[in-house]
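Asker: Annotations for this protein, taken from Swiss-Prot, read as follows:
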type	residues	note
BINDING	C15, C51, C85	[4Fe-4S] cluster 1 binding site
BINDING	C157, C161, C164	[4Fe-4S] cluster 2 binding site
DOMAIN	6-122	domain 'MTTase N-terminal'
DOMAIN	143-380	domain 'Radical SAM core'
DOMAIN	383-446	domain 'TRAM'
Amino acid sequence: MNKSPRRYHITTFGCQMNKADSERMAGILEDLGFQWSEDANEADLILYNTCTIRDNAEQKVYSYLGRQAKRKQTQPDLTLIVAGCVAQQEGEQLLRRVPEVDLIIGPQHANRLGDLLQQVFDGSQVVATEPIHIMEDITKPRRDSNITAWVNVIYGCNERCTYCVVPGVRGVEQSRTPAAIRAEMAQLGQQGYQEITLLGQNIDAYGRDLPGVTASGRHLHNFTDLLYYVHDVAGIERLRFATSHPRYFTERLIKACQELPKVCEHFHIPFQSGDNDILKAMKRGYTQEKYRQIIANIRDLMPDAAISADAIVGFPGETEAQFENTLKLVDEIGFDQLNTAAYSPRPGTPAAIWDDQLSEQVKSDRLQRLNHLVATKAAERSQRYLGRIEEILVEDVNPKDASQVMGRTRGNRLTFFTGDIEELRGKFVKVKITEVRPFSLTGVIF
């Protein structure tokens, strides 16, 4: 490849899927001879892997792009790439807004980055957003960690939630084969990785698009069976997965998590709203009663399991009483962590053009009230850790205190304790918890 920039920088916005995509694209760039630059302003190639789930994330991308577009006016050899969901959604329109961009690459094309770059270096301005079958991973990702790793098991989403752009920007569901997933995990185990998170926009949909059904009519491939299939991969000591959908979540999956010792006691199951009418308007496909039953089933079999979720406030037409149903659900379930957001109208989604939009003031007020309750309930949940001995996988140094290291419990609770990172990085350490906060813990080596 001619005229290759020597140094590259990737800025990633949004979800774990985007982070995994960025790692794959970084691996492609390094296979092509590029070297990582910590400072974007010193890089010859800059890639923004973008998120369009909310408007503020999208506007941040344009702010970053504007600065680098000005730089390109004096450094014409700078290569600007926009990847991810904004790239997919905006396409040619993004080029009209920021003509300095060289390559626009949607999520389904991430594995084609090398071929598309060749076209750029040959003098073309390239837009790759057409729906395609995703190429199997053929490049070793440049992982941000050598302890934990993400492994995609399914791309895309077939749901049609009325607020969500994901199906439009990430395409239909495409499952990787069990053999390909296990092979990637085996390679990670050989490289010394300890923990893997299996990823999917709707991980419970895994296998529905793969060929074959059982005699009873069940899909031959499903996520629960996949967990059993990959559980014994050598070297991998912990398994996590995200994200689950209440509509498809099964008791069989809970039982598998209970039986398989490597699977961590943590479930991320977004509920989005605690009101049935809002859930119906969102086209989520379940009721708050069904969601409560899922959590009850988990806690019956795994009483100490950590539960995290996502919630949206201020959905079009949401009344005060309907919002209070969300507060009631959060209060009664008690989440270990809850990712909250005020509703943000996204272009191309049905809810964005409804007449009953709420004011920003109302949405902000409800978000603040929900966040206050979330912190209160998380603090209550943290109390169960006080005095306990927890197994912590040490990942890094505490960025706020160099004398401490940090890692996570099996329940995904961030934990800090005094220790030497050079000695402890990548090791499992028994820690006695001496201090608890809503979303983190402090302890001492036991």
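Even glycines carry a Cβ here, placed using N, Cα and C.
These figures come from a predicted structure and were not determined experimentally.
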Asker: May I ask for the distance between C157 ([4Fe-4S] cluster 2 binding site) and C15 ([4Fe-4S] cluster 1 binding site), taken between their Cα atoms and rounded to an integer number of Å?
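Answerer: About 14 Å separates the two Cα atoms.
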Asker: DSSP helix, strand and coil counts for the domain 'TRAM' (383-446)?
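Answerer: DSSP composition of the domain 'TRAM' (383-446): 7 helix, 38 strand, 19 coil.
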Asker: Sort the residues of the domain 'MTTase N-terminal' (6-122) into helix, strand and coil with DSSP and give the three counts.
Answerer: 67 helix, 22 strand, 28 coil
Asker: If the [4Fe-4S] cluster 2 site is taken as the center of the Cβ atoms of C157, C161, C164, which further residues of that chain fall within 8 Å of it by their Cβ?
Answerer: E159, R160, Y163, V165, V166, P167, Q201
Asker: Other than its own, how many Cβ atoms are within 10 Å of the Cβ belonging to C51 ([4Fe-4S] cluster 1 binding site)?
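Answerer: Other Cβ atoms within 10 Å of C51 ([4Fe-4S] cluster 1 binding site): 22.
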Asker: If one looks at the chain holding C85 ([4Fe-4S] cluster 1 binding site), which residues at least 6 apart in sequence have a CB under 8 angstroms from its CB?
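Answerer: In sequence order, the residues whose Cβ lies under 8 Å from that of C85 ([4Fe-4S] cluster 1 binding site) (at least 6 apart) are G14, N18, T50, C51, T52, I53, P107, V165, V166, V169, R170.
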Asker: Do any residues at least six apart in sequence from C164 ([4Fe-4S] cluster 2 binding site), in the same chain, have a Cβ closer than 8 Å to its Cβ, and if so which, in order?
Answerer: I53, R346, T349
Asker: Between the binding-site residues C15, C157, whose Cβ has more other Cβ atoms within 10 Å than any of the rest?
Answerer: C157
Asker: Sequence gap of 6 or more, C-beta under 8 Å: which same-chain residues meet both conditions with respect to C161 ([4Fe-4S] cluster 2 binding site)?
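Answerer: Long-range Cβ contacts: Q272, M282, K283, R284.
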Asker: As a test of reading the model: what is the averaged pLDDT for the domain 'TRAM' (383-446)?
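Answerer: Result for the domain 'TRAM' (383-446): average pLDDT 97.
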